[in-house]
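A.B. asks: Sharing a structure with you now.
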Amino acid sequence: MSSSVVVVGSFNVDHVWRCESLPAPGATIAGRYSTGPGGKGFNQAVAACRAGADTHFVCALGDDAGGATARELAAHDGFGLIAEASSEPTGTAGIYVDARGRNTIVIGPGANAALGTDFLQQQQAMLTSAKVVLVQLESPVPTIEAALATAREAGVTTVLNTAPADAPSTIGLLKLADVITPNETEFAALLGRHVGERVDANDVAALDGASLHALCRKLVGNGTVVVTLGSVGVFVSHAEENLRGDTQPYYRVGAEQVQAIDTTGAGDAFNGALAASLAQVADAPFARHVRFANQFAGRSTEKEGAAAAMPRFTPTDAEAK
């Protein structure tokens, strides 16, 4: 079995409340409720698929309605889903979204925490024949390490989305990724955890390029760091010896100008689209992949929801604009 992109990660049933403002501690407020599919892994698999990549998603699901929903939705979208059966319930998320599109999220890992290395090793042929393997940190670290190590040994491009910010990680894990993609909060957390640099997440976007590049190089000596900065755009930092087709070691890409109504899945949209572009246009400069992922993520914020908001928009579509 072969595929352009293999995503290893989480599936959640999202429970979403849309409110005028995010609830303060102790407050009770009214909101509009909806439910739908989510989880960083699933969202990224949907994004990669809708961005044109032949996609497979490896996860763990409970024997319940949420697990059945995951399988049905993957089949409907057209990507393969390979799930370890778990006695735990399928993962859940409680999401609050305010009138400006900002969100606060609480995760119940459930089956996601049971995705094991033994099951992952059974998918070795799929991992080693992929063009890109994409992972996040909503699954156990040993499982994520195994996925990256298996893919890296076979020469497959590995992408690690270091989310969520409070998830455990190791320097060894970061070194297994060709590309890591933290947002500003996750980047600040990684710096504090692994290199002893105390940077306020709110100050990351305002740092000058040389300073931000130096912090990226402290975090990972080799490999590429892509820091997503929300409405400010994206910062890219390469190791000097591997510019991935670019002409400079670091640069910024501005955000897409869109009318955002829900940013819940924007980071996942970016990561799935980045993986899809890397898989489909492998010889393009890295900046082209970032620009495409930026466009894709921007479009995803113009609709409500996470997985449901992913646009059908490919690198070919972007070039035709």
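Glycine is no exception: its Cβ is also placed from the backbone N, Cα and C atoms.
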A.B. asks: Which one, Asn103, Asn112, Asn183, is listed by TrEMBL in the same ATP site as Thr228, Leu229, Gly230, Ser231, Val232, Gly233, Gly267, Asp268, Asn294?
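C.D. replies: Answer, per TrEMBL (ATP site with Thr228, Leu229, Gly230, Ser231, Val232, Gly233, Gly267, Asp268, Asn294), from Asn103, Asn112, Asn183: Asn183.
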A.B. asks: Would you please pick out, from the binding-site residues Lys40, Lys303, the one with the fewest other Cβ atoms within 10 Å of its Cβ?
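C.D. replies: Result for the binding-site residues Lys40, Lys303: minimum number of other Cβ atoms within 10 Å at Lys303.
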A.B. asks: Report the member of Gly233, Gly305 (the binding-site residues) whose C-beta atom has the most other C-beta atoms within 10 angstroms.
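C.D. replies: Max Cβ neighbours within 10 Å, all protein chains included: Gly305.
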A.B. asks: Counting only residues 6+ apart in the same chain, whose Cβ is under 8 Å from the Cβ of Asn12 (substrate binding site)?
C.D. replies: Pro37, Gly38, Gly39, Phe42, Gly66, Thr90, Gly91, Thr92, Ala93, Ile107, Gly108, Asn112
A.B. asks: If you run the three-state DSSP split on Asn12 (substrate binding site), which class comes out?
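C.D. replies: In the DSSP reduction, Asn12 (substrate binding site) maps to strand.
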A.B. asks: If you measure C-alpha to C-alpha, which of Asp14, Asn183, Leu229, Ser231, Gly233, Asp268 (binding-site residues) come within 10 angstroms of Gly305 (K(+) binding site)?
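C.D. replies: Close binding-site residues: Asp14.
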A.B. asks: Taking all residues of the domain 'Carbohydrate kinase PfkB' (4-311) together, what is their mean pLDDT?
C.D. replies: 95
